[in-house]
Every structure is written in C-alpha cells, then in structure tokens.
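Trainee: Starting off with a structure, shown below.
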Amino acid sequence: CIYDYYYYYLPFVWHWRSVPSWLQGTLLRNGPGLFSVGNSEYNHWFDGLSLIHSFTFSNGEVTYRSKFLKSDTYKRNIKADKIVVSEFGTMIYPDPCKNIFSRAFTHLQNVIPDFTDNNLINIIRYGQDYYASSEVNYINQIDPNTLETIGRINYRNHIALNLATAHPHYDEEGNTYNMGTAIIGFGQPKYMIFKVPADASDKNHKKPALRKVQQICSIPFRSSLFPSYFHSFGMTENYIVFVEQSFKLDIVKLATAYFRGVNWGGCLKFDQDDITYFHIINRKTGKEISTRFHADALVVFHHINAYEDDGHVVFDLISYKDSNLYNMFYLENIKKETSNFIQSHKSFSPPSCQRFVIPLNINKESPRGSNLVTLAGTTAQAILQEDGSIYCQPDTLFIGLELPGINYKFNTKKYRYFYGSRLEWSPHPNKIAKFDIIERKHVEWVQKNCYPSEPVFVASPGAVEEDDGVILSSVVSSDPSISPFMLVLDAKTFEEIARASIPTTVHMDLHGLFIPAADSS
C-alpha cells in the first residue's frame with residue numbers, strides 16, 4: 001500500500017524558550033520517497049519517486065503534510081504496478097513478451113532519451129509559481145499550500161534546453177537566474193544562462209512563468225562530445241560564475257546507453273588529467289571576461305556563495321577529488337552494515353569547502369608567475385602564466401561539509417557564515433554545522449542515531465546581523481524509539497530552541513525552500 005498523503009498538526013516540545021512567534025511560513029522539502037513499485041525496485045537512492053513534505057509555521061504551531069509528486073513517471077509506474085520509466089541509476093527495458101515491432105520501436109525511442117519527470121531534487125520558483133525540479137527538461141508545478149501537482153512544464157517549449165539545474169539564484173527584485181545545457185536538436189551544443197522575470201506569473205496561474213524566459217548568453221562546449229556536468233553555479237551582483245569541471249557527460253555513451261545496458265549515471269565520467277575552467281560572465285550584458293581562468297581537476301556539486309570584493313570575484317564551493325560520491329548512493333551500498341560500509345568506502349574523497357579568488361583587473365605587464373590576488377584574509381592564489389592565462393589555487397576553508405546554506409539576504413554579497421550537513425564516514429549526514437569564515441571555527445548540533453536534513457536559515461524580521469535567525473532541519477532516526485522531528489535551532493548560538501515530533505514515517509530528503517507566509521498565500 002502506498003500512503004499518498006499525510007496531514008498532521010505537530011505540537012512542539014518546548015525547550016528553554018519557545019519557537020519565535022515571528023516564524024511564519026512554509027518549509028517545502030523534496031527528495032526520494034518510494035524505492036519499489038510492485039515487485040520492481042530501484043537501484044539508486046536518486047531514483048526514488050519524489051515525495052514532497054511541507055512544514056507550515058503559524059503562531060507558534062506547525063502543521064506537517066506530505067504528498068507524492070503526481071508526475072507522469074509516478075502515474076505510469078503506479079498504473080503498471082511496476083517501474084516502467086528509467087531513472088538515473090535504473091535502466092528499464094521493454095517486456096520481452098511484447099512483439100518484435102513494439103520492442104524495436106521502444107529501442108529507437110531511446111536513441112535520444114526522453115528523460116523522466118520524476119523531479120525529486122529541489123523546489124524552485126519562477127515568477128510566483130513553484131516547481132518540483134531535478135536536472136532534466138521537465139519540471140512539475142505544485143501548489144505550495146496543498147502540495148497538489150498542477151501540471152508538467154517542458155523547458156524545451158520555451159527555451160532551447162535539454163537539461164537545467166535545480167539550483168537557480170534569486171535576486172532582490174525576485175528575478176530567477178538559472179543555467180542549462182543544449183545537447184541535441186538545438187544547433188551547436190552549448191551551455192545556456194537564462195532569466196525569468198519576477199512578474200512572469202499569470203495571475204490566474206494558467207500560463208507558465210517560463211513563457212517570459214530571457215536568454216542571457218550561451219557558452220560553447222569545450223568538447224562537443226564531453227560537456228561538463230554541473231549541478232549549480234555561482235552568482236555575484238554583476239557576474240555569473242560557471243565552473244566547467246572535469247566531471248563530464250559522455251554524449252556517445254548517453255545516446256547508446258539503452259542498447260549497451262548502461263544507466264544514465266554510468267554516462268558520467270571524471271577525467272582526473274583534465275583541467276577545470278572558470279567562466280566569469282557579466283549577467284547584465286551576457287559578455288564573458290576574455291581571460292582564461294583555470295584550476296586543477298575537481299568535482300563540484302554545490303556552490304556556497306559568491307561576491308565581489310575590491311576588484312576580485314570571490315566564490316566558495318564544495319569540491320571533491322573524484323566522482324565516487326554518486327556510487328556511494330547505490331542502495332546496495334547504503335544498506336550495508338556500518339562497519340562494512342566504512343571498510344568498502346575508505347577511499348571516499350571527503351567534501352572540501354574551498355574559496356577561489358578571481359582578479360578582475362589584470363595588468364598584462366605583471367611578472368609571469370606572480371600571484372594577482374591582493375585580498376587580505378585568504379590564501380587563495382591566481383598565478384599569471386606565460387600564455388596570459390590565470391592558474392587558480394584555492395583556500396581550503398573546511399573539510400567534511402555538504403548541502404550548504406546561507407542567510408540568503410547575503411547571497412551575492414560578502415558574508416561570514418555558512419551552514420551545512422557534516423559528512424564524515426557516511427553519505428548520510430549525522431550532524432549539522434555552522435562555519436565562521438573569519439574565525440575559521442565551527443559549531444555543531446548532533447544527537448546520537450539522528451540524521452538531520454540540509455539546514456535552512458530563516459532570518460528574523462528586520463535582522464541586521466547575518467546570523468540573527470533560526471535554522472530549520474527535518475531529522476530522522478535509526479532508533480525506533482525516536483520519532484522523526486522538525487528541529488529549530490538558534491542560528492547565533494546553535495542551541496536547540498524547540499522540536500516537533502512527526503507521528504509517521506519520514507524519509508530523508510535532499511533540498512527545499514522556505515516560503516514566507518506573505519508569499520505563499
């Protein structure tokens with residue numbers, strides 16, 4: 001039986017002070033929630049069918065809801081009572097009992113794959129509309145109050161994209177910036193940066209906000225057959241920061257994956273002998289800075305923040321030395337007993353929070369081999385090479401943190417704090433942390449056998465100080481005596497303010513979005 005919908009009022013368990021009365025709004029969370037249909041099972045944690053959660057805070061009370069995203073993928077699977085749509089780590093093949101013509105047609109359809117619309121990664125906003133999103137050409141609009149699925153949108157009907165990130169940026173006017181990739185069917189392969197205006201929504205919610213999408217610029221692939229994979233990007237007040245990394249999508253392998261018995265995850269490859277390029281694009285003019293900035297091979301999924309400071313672009317991200325993280329999330333690995341898991345993943349490259357600094361005003365007469373970074377407080381370097389390019393070396397801020405978040409009012413601005421999930425021996429975080437960039441110190445929240453989700457910062461009304469607010473995190477436990485709960489921390493001290501127990505099963509999620517009460521009505 002698939003439990004499709006939960007609705008609970010959750011009484012808080014009070015600690016030394018009550019949850020702030022100013023905390024008014026809804027925290028939406030998205031992630032995989034169903035890993036088998038009928039007798040068929042998924043192979044990878046990123047394959048599970050999207051389950052959306054909401055925690056609505058109002059006058060010191062909280063209400064919990066959850067509902068499966070009614071994507072076409074979900075409906076087809078449930079109707080067939082088995083998995084019939086391929087996912088990241090699970091490739092599905094036609095029933096051998098079908099006739100030869102039906103099987104041949106299915107094979108031909110997969111030469112250019114029509115990706116799943118199982119949007120399980122994040123909740124994003126275009127205009128005033130909210131969407132469940134992953135990294136494909138489909139997004140599904142949802143009602144943030146009821147969690148009902150409104151309908152599917154295809155990026156390709158509005159802009160020439162095959163893939164798009166689930167981590168857009170929002171400016172102070174409410175405009176949304178995002179990036180995507182045009183691989184097949186749109187002329188020269190390229191990366192695309194686009195903007196959706198804040199006023200793009202139809203008042204009657206019948207026309208998609210994407211109808212007003214504006215292309216900012218395109219960047220040609222370094223290699224047409226091996227475009228860089230990217231999960232997110234950076235943005236300052238004036239620039240987009242795109243990391244063209246050495247973790248790549250093999251286009252030929254993607255086109256032939258179905259015939260070769262390779263899942264889509266197997267079409268990604270890390271080239272440790274390659275280099276990483278940093279593209280700095282003016283987000284108002286769409287023009288890229290012509291200087292070539294590069295670094296050693298790395299893998300990056302999440303950017304933390306980026307800003308401009310005294311003639312430099314500073315951007316912080318979380319990098320890895322290899323691409324083994326994805327392999328850790330195959331369900332056969334996750335289900336291993338703890339000691340066996342640790343033993344089999346000793347070579348796991350821990351996430352490293354790193355700062356890169358790009359000089360904007362380059363004196364061509366500077367001595368070759370000199371460091372062009374003049375900012376204080378960082379060891380990041382930008383070394384001028386003989387050919388005029390700039391070799392960038394990072395300043396390592398912290399080791400062992402993922403799923404980063406900040407006070408979003410400081411997005412694109414100089415900032416001091418970031419928050420995240422501590423990753424040590426497992427892909428599942430067992431702590432959350434606050435890191436002070438200036439002091440290079442961190443504090444943690446931890447409870448035995450508990451696994452908190454990505455921490456989300458919500459600022460106090462009228463807050464001036466960067467860490468004046470609360471941290472919200474949905475927590476699950478391997479201890480059956482501990483119910484899942486919503487955790488509320490004081491963002492300044494990282495002390496627990498309150499928690500609300502959830503009287504039902506809650507799955508670990510990936511990403512989400514806090515919608516203030518005035519915006520969700």
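The backbone N, Cα and C atoms fix where each Cβ goes, glycine too.
TrEMBL entries are annotated by machine, without manual review.
I grabbed these lines from TrEMBL:
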- His167, His231, His302, His511: Fe cation binding site (BINDING)
Trainee: Measure the Cβ-based neighbour count of His167 (Fe cation binding site), defined as the other Cβ atoms within 10 Å of its Cβ.
Mentor: 20
Trainee: Going by a 10 angstroms cut-off between Cβ atoms, which of the binding-site residues His231, His302, His511 has the sparsest surroundings?
Mentor: His231
Trainee: Could you name the residues, excluding His167, His231, His302, His511, of the same chain that surround the Fe cation site, i.e. Cβ within 8 Å of the Cβ centre of those residues, in sequence order?
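Mentor: The answer, listed by sequence position, is Ile121, Asn122, Thr165, Ala166, Ser232, Phe301, His303.
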